[in-house]
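Take this structure, written in structure tokens, and hold onto it; I'll ask about it next.
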Amino acid sequence: MNAPRPIRTPRELAEAGLLTPEQVGSVERVAERYAVAITPAMADLIDPSNPNDPIARQFVPDPAELVVTAEERSDPIGDLAHSPVEGIVHRYPDRVLLKAVHVCPVYCRFCFRREMVGPQGLGTLSPEAMDRAFAYIESHPEIWEVILTGGDPLVLSPRRLAEITERLARIYHVKVVRFHTRVPVVEPDKIGEDLIGALKASRKTTYVALHANHPRELTDDARAACGRLVDAGIVMISQSVLLKGVNDDPDTLASLMRAFVETRIKPYYLHHPDLAPGTSHFRLSVAEGQALVAGLRGRISGLCQPAYILDIPGGYGKAAIGAAAITQGRDGCYMVSDFHGQQHAYPPAPKE
Ligand code: SF4
């Protein structure tokens, strides 16, 4: 029997009961513009009888994606402005992104790189481009960390991943290698010994940043896959996007962050959604996001708290945008908010 394949077309979505026959035509127009893929693990999680299913909302194309608003941009976080050679983004002094591949196992409908990923995207780096990317890393001794992203680097075979990590092993000044991926959740069976060996072949400190947005994504299989990574000595952190209709309520966010910690994944970033084209139906206001994040404080353990982050449009980097817990009060005092929202005075330092 053949292994189940990912769903890649509107017709296959309808066959799986994830679209009605009437919806196929309008979704085909979306699929002409943006890539579609839903792995069997994610398709199985969707409740087709729920029109607001948070997993479906992340992966099933929606005609709303054809509405592009004035503030949206094809390169919302400004990768291209900081790309000295193909495949490298050097935005901060001590680290670079290495984008080896622009393919993903699933295509998220809110993706910030949706104009770059997929079959019509930037593809996989050629061997010559990879040589130039490595020459760049080798010639910049300030690069302490290399972050493999894309696309999803874990779509590469273990052999090709190991070629990359073994090259990184030979660069003395690189101390940390980080992979950004959705694979442990969307294709958990892929996390086997060969792949883990390839991730660790750099012999550097290895981090895996798991992208997941709803607690239901942390299935038993996903938790087991993450367990194999952590047991192998890989440190795991999370990144999520705050998405309207997916996780923009306190219970869902709290469950998601707890699920990470239960899986030995430290919650790291909760991203405000980027201004990617055709994604306005996912965006909530910064004030709504701040209120949700403030509500996590006191409600769930300090271990479960993510940093609420905005990637400043245009490539200016990340900014922490959680509401300030402390403000200037009277007579030099500060006013500090507790987790109920009540204010308390805190004295200035003796020489302030
Ligand atoms: S896995 Fe990441 S890069 Fe790929 S579609 Fe989703 S958000 Fe975009």
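Every residue, even glycine, has its Cβ placed from backbone N, Cα and C.
Pasting the relevant annotations from TrEMBL:
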BINDING   CYS104, CYS108, CYS111  [4Fe-4S] cluster binding site
DOMAIN    90-303  domain 'Radical SAM core'
MOD_RES   LYS318  N6-(pyridoxal phosphate)lysine
Consider only the recorded positions CYS104, CYS108, CYS111, LYS318: which of them have a Cβ under 6 Å from an atom of ligand 1? Write none if no residue does.
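Among CYS104, CYS108, CYS111, LYS318, near ligand 1: CYS104, CYS108, CYS111.
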Counting Cβ atoms within 10 Å of each candidate's own Cβ, which of the binding-site residues CYS104, CYS111 comes out highest?
CYS104
Report the mean pLDDT of the predicted model across the domain 'Radical SAM core' (90-303), rounded to a whole number.
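Residues in the domain 'Radical SAM core' (90-303) carry a mean pLDDT of 97 in this prediction.
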I'd like the number of other C-beta atoms within 10 A of the C-beta of CYS108 ([4Fe-4S] cluster binding site), please.
24
Taking the Cα atoms as reference points, how far is LYS318 (N6-(pyridoxal phosphate)lysine) from CYS111 ([4Fe-4S] cluster binding site) in Å?
17
May I have the list of same-chain residues other than CYS104, CYS108, CYS111 whose Cβ is within 8 Å of the Cβ centroid of the recorded [4Fe-4S] cluster site, in sequence order?
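Going along the sequence, the neighbours appear as ALA35, VAL106, TYR107, ARG109, PHE110, ARG113, ARG114, VAL117, ARG182.
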